[in-house]
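K.L.:
For 1-21, the entry in Swiss-Prot reads signal peptide, with the evidence type sequence analysis. Annotation comment: Swiss-Prot describes Asn26, Asn190 as N-linked glycosylation site. Annotated site 'Transition state stabilizer' per Swiss-Prot: Arg86, in sequence order. Feature annotation from Swiss-Prot assigns substrate binding site to Pro187; the stated evidence is sequence analysis.
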Amino acid sequence: MKNLFNLFLMFFFAMPILSLSENPTNFSESCEDGSGETGSSFGIGFDLVLDFGLYRNSCPEAESIVYSWVETTVLEDPRMAASLLRLHFHDCFVNGCDASVLLDDTEGLVGEKTAPPNLNSLRGFEVIDSIKSDIESVCPETVSCADILAMAARDSVVVSGGPRWEVEVGRKDSRTASKQAATNGLPSPNSTVSTLISTFQNLGLSQTDMVALSGGHTLGKARCTSFTARLQPLQTGQPANHGDNLEFLESLQQLCSTVGPSVGITQLDLVTPSTFDNQYYVNLLSGEGLLPSDQALAVQDPGTRAIVETYATDQSVFFEDFKNAMVKMGGIPGGSNSEIRKNCRMIN
């Protein structure tokens, strides 16, 4: 298991950030601390009640097993932090946080892995498999794959220098998955701010949650095909959009024209690509957001612009809002047709 041209390497929402690999997705209100008290309940779909301390007695080794695998994997491949974070995003945004994104296709089930936003883009499945195997060996049929995704996402942020939060657990794993739901439900890297706000609100997430979760794009990479629209002023000879950094766009165009749009890849954050920090927002204010949907946060809406400015100047505010938004997103419930899988790739 176990300088401007140096942007050229891969990419998630997703992200995504987010790795927030090839087609990142753009992603609270205060949450309780880790007291062991009953946690979130979402009024969306099947009612889900989560608990901060569910596994303290039934599987006390669970969190340490997850952290050990994430730490080792990210040390070997820093991009994996974004990949694991993005897996959790893409899971929760499609019919809730139910590990449906992990199901392999079968003769009777065409799931989310082959949906356009995920195909040849999501990664990290083997890491989740390894974590699940180790946990099953000590606590069989106790810890859900959906909870593993939530803990692995948190630990990916932590080992990358970001904040830690208590993860509520008690999710169940879906026995179904939907390619169409993934195709229709995941935001595009070309989404406008109004579309993003609507998408997040439909899941019970606020505008602040959306801007905070988009900060996951401080990690990961993206293919040229994900940000072609950012290069349009250079390609068409039209005036640059408000907030565009022409030097930045020219460097991207050089990359994509040299190696080809389907091959060219670059960091979502060129300054601190493997560190979870607030540099993503600083980049947006200087016109160096990679994805159209990222740069839009700083130029299309005064409300999101104000949040971007706050996060760019105060990392502690970003960290606090990100933690709260992750807990809130992690409480989006799945359906009632669920179980605790023995193998995350297939139903029992």
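Cβ coordinates come from backbone N, Cα and C, glycine included.
Since the structure is predicted, the reported quantities are computational estimates derived from the model, not experimental observations.
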K.L.:
Given a 10 Å Cβ-Cβ cut-off, pick out the one of the recorded positions Arg86, Asn190 that has the most other Cβ atoms nearby.
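P.N.:
Within the set of recorded positions, the most crowded position is Arg86.
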K.L.:
Calculate the distance in Å between the alpha carbons (Cα) of the residue listed as 'substrate binding site' and Arg86 (site 'Transition state stabilizer'), and round it to a whole number.
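P.N.:
Between the alpha carbons of the residue listed as 'substrate binding site' and Arg86 (site 'Transition state stabilizer') there are 13 Å.
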K.L.:
Let me check the 10 A CB neighbour count of Pro187 (substrate binding site). How many other CB atoms are there?
P.N.:
26
K.L.:
Cα-Cα, whole number of Å: Asn190 (N-linked glycosylation site) versus Arg86 (site 'Transition state stabilizer')?
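P.N.:
Given the Cα positions, Asn190 (N-linked glycosylation site) is 17 Å from Arg86 (site 'Transition state stabilizer').
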K.L.:
Any idea what DSSP makes of Arg86 (site 'Transition state stabilizer'), helix, strand or coil?
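P.N.:
Looking at the DSSP assignment, Arg86 (site 'Transition state stabilizer') belongs to a helix.
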